[in-house]
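The annotation transmembrane segment is assigned in TrEMBL to 24-45, 57-80, 100-125, 137-160, 201-223, 235-256, 268-288. What TrEMBL lists as domain 'G-protein coupled receptors family 1 profile' is 39-285.
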Amino acid sequence: MSVNKSVTEFILFGLTQDAGKQKVIFGVFLILYFATLLGNFLIVVTIKTSRTLGSPMYFFLFYLSFADACFSTTTAPRLIVDVLSQEKTISYNECMIQVFGAHFFGCTGIFVLIFMAFGCCIAVCKCLRCTTIMNQHLCGVPVILAWVGPCIHSSAQIFLALRLPFCGPSVIDHYFCDLQPLLKLACMDTSVINLLVVSNSGAICMVSFIILFISYVVILYSLRNHSAEGRRKALSTCTSHFIVVVIFFGPCIFIYTCPPTTFPIDKMVAVFYTIGTPLLNPLIYTLWNEEVKMP
């Protein structure tokens, strides 16, 4: 594997070059970022300290909130600092770290969402045996997979990124480092790498979404045999999870299934899943779940 040393730093174009808009972006995204950290921190602390939130759903929600806070931290601080900075440069090594971090924590969130869906399925289909099936020991296995799997995925992303030769210019038309904007700067035929990106990131998004969709079909089908109160409680928990899935996977599928094609709206879509979704997750889970609001 050849590591490119001809470029030592990149320039991040950001969301806009308009000075007035940059000040607005700084204020808005600073508030959003701190709200994201606060919301996810409160979810983590609430689940950790509560004696009533011991179900598998909240066990996985603990790790989802942690991953969301880390995911947002890989991109938001750089965006906030750069809008007021004269030199929006990022070193080559820091850029590679950002690629790894964004994909690692983003993929961790995907894995946790899948395990949460399985938890919902077991809770609905095998409600009497749910505690036995999804005990703390068995829940620990998916959590390990949720860290190992993303590590493999992110390592593959870095492997592809390190093979890209850059001859200039070094301006990344984005607010953070990712493979798609880096591919546009590479002075080589990137068709094969584009295909690998689709088969890696794009396939993970599509397959995960299909798995989650099937799990909800199973849940809805199984609810027909439950009482009205049981259906209401199950739908309350599963609806919040379904909303999170849609708002996260929609933008991800849009970005990663067609990497050779770029649109002006790509950066705003990326804002939604890197900053918006980690902010919305705590709100959705607290608004739709009485157990979280009143532990």
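The backbone N, Cα and C atoms fix where each Cβ goes, glycine too.
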Stretch in 24-45, 57-80, 137-160, 235-256, 268-288 most in contact with the transmembrane segment (201-223), if contact is a CB pair under 8 A: 235-256
Recorded stretch that, among 57-80, 137-160, 235-256, 268-288, has the most CB pairs under 8 Å to the transmembrane segment (24-45): 57-80
Taking the transmembrane segment (137-160) as the first stretch and the transmembrane segment (268-288) as the second, find out whether 3 or more Cβ pairs fall under 8 Å, excluding pairs closer than 6 in sequence. no
Overall pLDDT of the domain 'G-protein coupled receptors family 1 profile' (39-285), taken as the mean: 82
